[in-house]
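Student: Got these off TrEMBL a minute ago, pasting:
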{"type": "BINDING", "residues": "114-121, 196-200, 254-257", "note": "GTP binding site"}
{"type": "DOMAIN", "residues": "275-288", "note": "domain 'SRP54-type proteins GTP-binding'"}
{"type": "COMPBIAS", "residues": "416-433", "note": "compositional bias 'Basic and acidic residues'"}
{"type": "REGION", "residues": "416-445", "note": "region 'Disordered'"}
{"type": "COMPBIAS", "residues": "434-445", "note": "compositional bias 'Basic residues'"}
């Protein structure tokens, strides 16, 4: 995780240590650092601060005994990196909720903000699971009334977590949904209300104004921005715009387990002066960890990896698929399920033991010389229910043979049963003739 950012700082330190510490040579080395940091999704504002501090400390520096230039560079970068995160502060969500609960100040209201596709609804479910395991009662407001399937999605998460969802019809006022959820929480003494809002682009002014309305109506205790760490500088720009419309209190970054850069962590903290509170690191409900800035800095400037399981909730619950496309040709099995491939081409369904059973096989059978090679053969054999129950070997041995041999084996097993079937079918034909099955058809004159 964050390997690219680690490499950028390491290369910068080595490059500067190999130069004469003159103004010109230092500028060349810092330019290479700028490029590396930009590639790691560090914003230009952060880069300017880092390079300025480096230049001030390194020009005219007097090294101590046994101290190398590389060590000075790395320590300076580490110090500035830590300062940016420290200036953003930190927030303990659990303590905030507990404090309000102790003074009986009503439900703790938490609004989630962000653009489409960042994993906002899934993050709501993860936070709900985290709070529930921490001993709090939770209700979710399905305030995304714009996106098709949004209410069903959050309801599916809530059902699996055994959490109540407050919702209205699509197109309803999101602030009204949020207000209803808060009123429900007050009446039922619920500790926390999690408000899932619609994803919106930061350029959509009407939708951004809608967020302002929700905030004015319910007066939330905390507003959290949910950003995709893989989006790089786009996430940084989104955070900047959302912060302009409504000053959120903290951020949650998703998909961090797949992020090799990590620049969005420090950039969002620097631009908004608000802390990164949680990191999404997987697909299960417990795959969310509390952000630890000290461990993060150490992992960037050392060979250590960020310990992802530090605050992870135990007893994971898998997240249901948000979009499921199931067909006869495309069925996925979980790792805990087993599937017998030996019977995958054959399906027997016993509906009524008194009725004849039709066994169908779509397997490619060996074709005789007289058959057309382009034709696909399908075997349909009528067997009585009693015959199937008593003779399992017919199914095992007969299907790989051609239709003629399968019929012979079946007839050879119980000729008496087959004679009754044939006799029955002939009687039906005779009865059909007597009744005049096609008497309704009259030839036109």
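Placement of Cβ uses the backbone N, Cα and C atoms for every residue, glycine included.
Since we're looking at a predicted model, the values are computed, not measured.
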Student: If you draw a 10 Å sphere on the Cβ of residue 197 (GTP binding site), how many other Cβ atoms land inside?
Tutor: 29
Student: Quick one: of 114, 117, which of the binding-site residues has the smallest count of other CB atoms within 10 A?
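Tutor: Each of the binding-site residues 114, 117 was scored; lowest Cβ tally within 10 Å is 117.
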Student: Name the secondary structure element type, per DSSP in three states, that contains residue 197 (GTP binding site).
Tutor: strand
Student: If you count other CB atoms within 10 A of each CB, which of 120, 200 wins among these binding-site residues?
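Tutor: Going through 120, 200 one by one, the largest Cβ count within 10 Å is at 120.
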Student: With DSSP, how much of the domain 'SRP54-type proteins GTP-binding' (275-288) is helix, how much strand and how much coil, in residues?
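Tutor: Helix, strand, coil within the domain 'SRP54-type proteins GTP-binding' (275-288): 0 helix, 7 strand, 7 coil.
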